[in-house]
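Asks: For reference, TrEMBL lists these features for the protein:
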{"type": "DISULFID", "residues": "Cys146-Cys178", "note": "disulfide bond"}
{"type": "BINDING", "residues": "Thr303", "note": "Ca(2+) binding site"}
Amino acid sequence: SGIGRNWPWASGGSSILAEFGTLHLEFVHLSHLSGNPVFAEKVMNIRKVLNRLDKPEGLYPNYLNPSSGQWGQHHVSIGGLGDSFYEYLLKAWLMSDKTDEEGKKMYYDAVQAIETHLIRKSSGGLTYIAEWKGGLLEHKMGHLTCFAGGMFALGVDGAPNDKTGHHIELGAEIARTCHESYDRTSMKLGPEAFRFDGGVEAIATRQNEKYYILRPEVIETYMYMWRLTHDPKYRQWGWEAVEALEKHCRVDGGYSGIRDVYNNHESHDDVQQSFFLSETLKYLYLLFSEDDLLPFEHWVFNTEAHPLPVLHKDDGNKEENQK
């Protein structure tokens, strides 16, 4: 019909940061394949609008009204609703063979704001990424947010002021926290969200956050950390997850999510999510493969782990893509 429509649960008719901000890689690749720059131009225009907008404390709220061009409620998350926008800023730079300077700058500026306002350390020494609601922190970290450990590590190369060591360290700390969220459950599989308040650390306290639906983000971070450090603990942690998946999630028809990872008896949700095959198993496979299988200098994974080629500088279509 040509008429735009929004999900009723999206705040006040706003669009979602992770949706309109997670198109770069695919559309730039489409321009590369088709030779038609219009696709890349459309997504770069979205990014330019976001770059120009005033951002609260340098943070990107999860909602933007497509009619007014203004932010919706000031809720910031590196997990659901926000996550892959940040990932795509970094990966757009990597896919461009490190020529997309706007993407690079926006990514490192965003990480700086995240570090200042969202990253905290628990009394037990666990680094976590909180959520920000109108200036107040909610000390909760979602399983989805656990991808950020791998993202920080992947971004070491272009880190400003020789902060490469710091970014790897940050990735390692997030990986450790997310591993703890798995290790502190009965099933050794991580909950949907875990908290750092009321005397608990890296544990889900609400019943509706205790489920595991075969999500890949923690494994994803293990894979990046392994590739970039070759510390054997990441393979060890990955193998713990394999054993838990086999023990608790494997059913006759495939693999099922779990309703409560703190329970000693499985209650299966009877769903095998599509991302289990495209991401969870693929990242596990890559974690235990040699580095020359889909090497990072030639491939970038989109947010659902589909590999897209880095468009090297000597590529004939490169000039078209950068317009």
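Residue numbering: from 1, along the chain as shown.
Just so you know, glycine gets a Cβ as well, placed from its N, Cα and C.
In the displayed structure, how are the listed features positioned relative to their neighbours?
Replies: Under a cutoff of 8 A between CB atoms, and with a sequence separation of 6+ in the same chain, the neighbours of Thr303 (Ca(2+) binding site) are Thr22, Asp83, Ser84, Glu87, Tyr88.
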Asks: Does Cys178 (disulfide bond) have same-chain partners at least 6 apart in sequence with Cβ under 8 Å from its own Cβ, and which are they?
Replies: His143, Cys146, Gly149, Gly190, Glu217, Val218, Thr221
